[in-house]
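Under the heading transmembrane segment, TrEMBL lists B:61-80, B:137-155, B:176-197, B:252-273, B:280-299, B:376-394, B:415-434, B:480-501, B:522-544.
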């Protein structure tokens, strides 16, 4: 009995020493070496791919943002500022959570099931809003024109991109609200559309922040 | 090009990349575990441990090493979280509460990496890098060590010796995981994954105001989280978060990292037992199931059944635009057929059948290709079962790789395959029978049941992904999933090592005309069938109540 106790203690001691030594290798040296390489080789990316406009940092090209009007009195959720291209809905983590709308400090999805009534209502509401917001004189949007990414929340709630179809659908509204021609805005969207990597990896996409920065430049020039 | 074609091209590219890595990596790993030389850094580590790496261990000694090392790991990680509030590098976060600390410590040591916490709001730099990321390495190295011990059981004769646990642990870490993860981390940073030690800080926004950013050693953790089939994300959104998985390329690259060691280990196995063809047969079994599941998943996700998805016009809920439906489907299948559990899209919002595929993937025991090490030993156990079934059919004593599968061996194998289903079904039934655990469900009806079934399938199989609507941060779920993870990891290991010891003691049986040729396609077919039937019969009633009911209703 005493002997087996000593043996167990000896074994646990070896386990603890192994853990400490290997923690030094994998928990201290490894992350520091990687951080050194990352900061040396890819300084900007390692720090979050900050994007600037007019010399000011306006976020990260990787992280989606909301483009809303200031919150009015009595409002719970602000209205979208229709002057700017809008990103995807972000209903993740529910209304009881600390953050829902593109707040980086907590990421997450809605986790609602494919046949959930709550999700169905969210999709319907989003679809109605997209139709209403983007139907301008001379251009009518039908519910069937609205692409799926415009009415669903992403996995992270921070999706920086929208599909080219959703960007195209916003062109007429953006042109009208900013006093630009449709051709001007369409050109802007086309320039900011990324195809699939190597032609087949991922999906074509438009980075909303970069597109809005370009839009701001264009309107400033006019 | 349409999204469906692009999805299949991504699958082909992935297969090509894995095929290129197969022989060199598999051979390299075989050398790592067969070589009698020690690197200088390893000698220092052995000195630190106070262990002689050349001592051969019998299976009980090997098992004691695994258990002692893992027990210390759980305790250390538990204390690290409990003391976070008073240690430096906490980012201002408090100490984690006892139930959640226990759950997380067990979760990372068992290679599960279930997250009942919100990473960006709970864990500071110290716990993430010196606690969680460390276990990402070590739990993976332990898994490979146990698999290698089983392979030695097949390869060796008339000895009870299975190698040295400390040597296998250290070599796996130093020669395979650390170099692999370092390269992978740099690639991920080049794609845009962050790697810094800044605190929570404010960054300006386009519309004015600011957003809060977490810094963190994200890329270094992301790399080993995928390579070691761990899956615990730095952030709550896991690999859907753009700072963890920034581009379409990083997505495919992360899937590659998940799969490369488990698939290549079949080569290591082939080399070590002296017949690479035996490795190919196991590889073919794994690959057939994996490709089949990916094809099924793409089919159901592109068809996007379910009222909400039909109205939306596509299965984009919980998926990122940059990955699309194709990339997300491949990731979801790969993460649940291995013990990874990282997610680039949220399985709860997949179609009913798509969600069912992820659950079934875990319930197969994560053997196609499975976790680092655990996939190989799980598959070899199934191979033992398959030769046993074949032996019954023709009425002769089954053999596998020149070893008799007698009653002792088959008892160990049978115990192995019974443990996980027993855990999954018992814990799920208990949760459904009690009144309070049900309050954790986000969705109602069949999908609510699936959330609970998913949770215990994930925990007992050491996967770690979730139908994340379930609020798992309750005392019940923290404790019960913690127990499921512990028992689901270490009980099977007991039987694997016991089997290994029993095989290593045997003398080899000469091959005769009547020997089942286990390197032939016929055996691969038999093995796939055995896996699907054994699992299918075990879980069918539970699956019918959850994902099948949901999928067929829509």
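Placed from the backbone N, Cα and C atoms, the Cβ positions cover glycine too.
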Criterion met for the transmembrane segment (B:252-273) and the transmembrane segment (B:480-501) (at least three Cβ pairs under 8 Å): no
Criterion met for the transmembrane segment (B:522-544) and the transmembrane segment (B:415-434) (at least three Cβ pairs under 8 Å): yes
Among the ranges B:137-155, B:280-299, B:376-394, the one whose Cβ pairs under 8 Å to the transmembrane segment (B:415-434) are most numerous: B:376-394
Tertiary contacts of the transmembrane segment (B:376-394) (same chain, 6+ residues out, Cβ under 8 Å): 146-147, 150-151, 154, 262, 265-266, 269, 282, 285-286, 365-370, 400, 405, 409-410, 413-414, 416-417, 492, 495-496, 499, 514, 516, 518, 523, 526-527, 530-531, 534
